[in-house]
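Attaching a single structure in structure tokens format; questions to follow.
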């Protein structure tokens, strides 16, 4: 491209053999413009296109690249390392790494043991199930998982959702055995669903739980969980099983006669201690060990206190007897037939999605801090197989916990061996230390849960959503209030519905722009965005910023015709040059279907009747190929850039000498 003083040099629009032809046009001011042809993509068979498309959908990361050009023996080793990542880094493991992992493993164990007991109660399960779920899953994940810092165990959100969904149909008090069977069965189906997503490379399914949705959902769930713990903090015996804001608050104030001052004093004292240690660790990350050790320390001191005053104070509820020994097998308790099977499957899928979303997000967060990669689909298989195996060993749904993983990271964990150390510590507890928890007060478990879930209320993220994207903020608010006032599962469903509606809104009502030329350049940008951009006389230059599908083709046709009508009215009002040509920039149109092709064809017919020329600019390969096969536009109506289209068409309007 160059600038001279007397002529416009341009090239014909499209050549089947890729050649170009120069044409000179004399003008008052001479601008040299080379016009490039719009080429078709390389020819591919239908099978090749399908193979490429499926590869892009299901294997965007090309997970088998390491197997290329390798011997069969090497491929076998790589395959085992792919399935069991511990084989990959295990050969390089040394004593220094082990020392770091032991320290971090013992640190997270001090947090995991009291949290495991607490979260089990949140799911309406016996406390011992929480400890079982802190033993087998970490061992499984250390073999199958690829994250070095993910600390595995029960988590608050999955526990809350499982407890809520199951207790709506089956009472854990009246039918404890059936409830336990459904919990194990839901865990099995959660694992099956998670592993299936990973194996089938369908990880994009969980992307429907957007960040905005999760911010609102977790904040609402954290408030509900905290309010539910008022039962333990106040010493209330008869408390509602509902998980909505109004019933919970109603239950609190309708049972004021059951409030126990001893429980209230102990509960709020330890809650204040736990919140203080959490605040210290947040302000000074190097003191992370203070908040990490606080839950177990609180359990020890509260247990000693209750033991010493048990003869004088009788109003404090305690855990009671916990069975010693390893996880018993629960294969015979899996519930695969009966009227509650659908409930177990539904609960498993919902808790599976939530736990999977949390686990992968946490794993990727800490992987980015240490500059290594976590394979999402591989993690899905690891977490899924872990939960399937756990369901057979008296465990319920587990995943990577953000709070424990943060402690694990700050404590200096180097590999998944920290999970093995955690499991070993829980094993010792199960075998020898169970009697020590007999006098542990339930109120301390309530305080631990509140301290853990309060961090899920991320008001800064909500404020950022409001500033950046109002629709995302709407999804966040819908999720938040849905959880608070309707129910946890329905609140989540409403939020997902709002997110899907947002996607449909963008697809069915895509953005269209009027472009203008930035003076002294060949750049064309939005007139509304760039005030210095100016209209080109006799041209209306439009841009479509989305694929053209059956869902938006009618809207686009109506919107484009409206732009034309408004432009003609503006020209008439301002007595400007007559509109002659409509240029549509197709740069952002990444795909088009037959409905879109028909729309372009119909639009051309309508514009032809009004003596207006339709020109398309820079269609991508797949769009160009479909339009070429449909033969709806001639090659003289296709250009590579808007600048070339304007120059070529303007030159064709000039009288030839």
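In case you wondered, yes, glycine gets a Cβ from its N, Cα and C as well.
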Which one of 386-414, 473-501, 502-530 shows up in TrEMBL as transmembrane segment?
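Checking TrEMBL against the ranges 386-414, 473-501, 502-530, the transmembrane segment one is 473-501.
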According to TrEMBL, which stretch among 310-328, 367-385, 443-461 corresponds to the feature transmembrane segment?
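Per TrEMBL, the stretch marked transmembrane segment is 443-461.
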Would you please say which range out of 242-258, 259-275, 531-547 has the annotation transmembrane segment in TrEMBL?
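Comparing 242-258, 259-275, 531-547 with TrEMBL, transmembrane segment matches 259-275.
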Which stretch, out of 340-362, 570-592, 593-615, 616-638, is listed as transmembrane segment by TrEMBL?
340-362
Do we see three or more Cβ pairs under 8 Å linking the transmembrane segment (473-501) and the transmembrane segment (212-239), pairs being at least 6 apart in sequence?
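When sequence-distant Cβ pairs are counted, the transmembrane segment (212-239) touches the transmembrane segment (473-501), since at least 3 lie under 8 Å.
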Take the domain 'STAS' (529-649) and count its residues per DSSP category (helix H/G/I, strand E/B, coil), listing them in that order.
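Across the domain 'STAS' (529-649), the residues distribute as 59 helix, 21 strand, 41 coil.
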When you scan the chain for residues with a C-beta under 8 Å from the transmembrane segment (287-309), skipping those not six or more beyond its ends, what do you find?
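Non-local partners: 107-108, 110-111, 113-115, 266, 270, 273-274, 277-278, 280-281, 316, 318, 406-407, 410-411, 436-437, 439-441, 443-444, 447-448, 451.
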Other than its close neighbours in sequence, what residues sit by the transmembrane segment (178-200), given a CB gap under 8 Å and a spacing of at least six beyond its ends?
58, 123-126, 129, 162, 166-167, 170-172, 206, 330, 333-336, 340-341, 343-345, 347-349, 351-353, 355-356, 376-392, 394-397
